[in-house]
Amino acid sequence: MGANSMIADVTHDLNEQISQLMQCKPLSEQQVKELCEKAKEILMDESNVQPVKSPVTICGDIHGQFHDLAELFRIGGKCPDTNYLFMGDYVDRGYYSVETVTLLVALKVRYPQRITILRGNHESRQITQVYGFYDECLRKYGSANVWKIFTDLFDFFPLTALVESEIFCLHGGLSPSIETLDNIRNFDRVQEVPHEGPMCDLLWSDPDDRCGWGISPRGAGYTFGQDISEQFNHTNSLKLIARAHQLVMDGFNWAHEQKVVTIFSAPNYCYRCGNMASILEVDDCKGHTFIQFEPAPRRGEPDVTRRTPDYFL
């Protein structure tokens, strides 16, 4: 078999898998294993501060709400027609973490230049054992193998992205240990999310109305004030910090005099919060538009069988 026909076969298989996943049907354990091996090769080559070109559509938390991710693609455009940047938290809380994260990883393997998937604080072994992804893998596959395959892959996800050298995108927020983007570029990200330190802060911190650094009520990361954002943006020649990590009722929320924006893309979070979701479209001229959306219509949702702790991340 020639190289071209092998590539054609792989592409055909991936297209079939994406089509299956779009119907919210999980792949087999073996397919997940092979897919994640391919994804690892792609992600290994990406930077801790992954450069992204505009136009791009920036998205926040999804949390296993598969039907709302499908709605997001209906509203924002299919990948690869639209270039996407997701800022983490694909799993936990929602009922379809397996299908959600598998679809995003499959799109990454199929269209590596058209989708960027960053790591959120939930892309971690410890957090997923408490908030649903581990249990869901056990229920859908009969063992923890798929959970292990994905949590091993999460170690390779880039931590941050930089759109056109001006918009800094990440899941959580800033760190007192990080002054420059080069500081981030220089650390080894291939590990479980630590309990403290710069890598932890990027995935856990939140903007705050108070100046300076504060102790985070989350027990990880810090709160950071407008003075911190302004200094970081100035030092690194940035126009905006885009982040996710916090439920905001309108789907987006400006802070720090429009130096920081929070984007949240899981509508009616946990199927009960009543919030809108949004995505941020950055055009060729670096202008930006928020698109808000409501939950996708649902049929036959499963009832919650076991209450997960009410701890909003």
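Numbering starts at 1 and runs along the chain as it is shown here.
Each Cβ is built from the backbone N, Cα and C atoms, and glycine gets one as well.
Model, not experiment: these values are computed from the prediction.
Cross-referencing Asn15, Asn48, Asn121 against the Mn(2+) 2 binding annotation in Swiss-Prot, which names Asp89, His171, His245, picks out Asn121.
Here His245 (Mn(2+) 2 binding site) is positioned 7 angstrom away from Asp61 (Mn(2+) 1 binding site), judged by their C-alpha atoms. Asp89 (Mn(2+) 1 binding site) sits 5 Å from His122 (active site, proton donor), taking the C-alpha atoms as the reference points.
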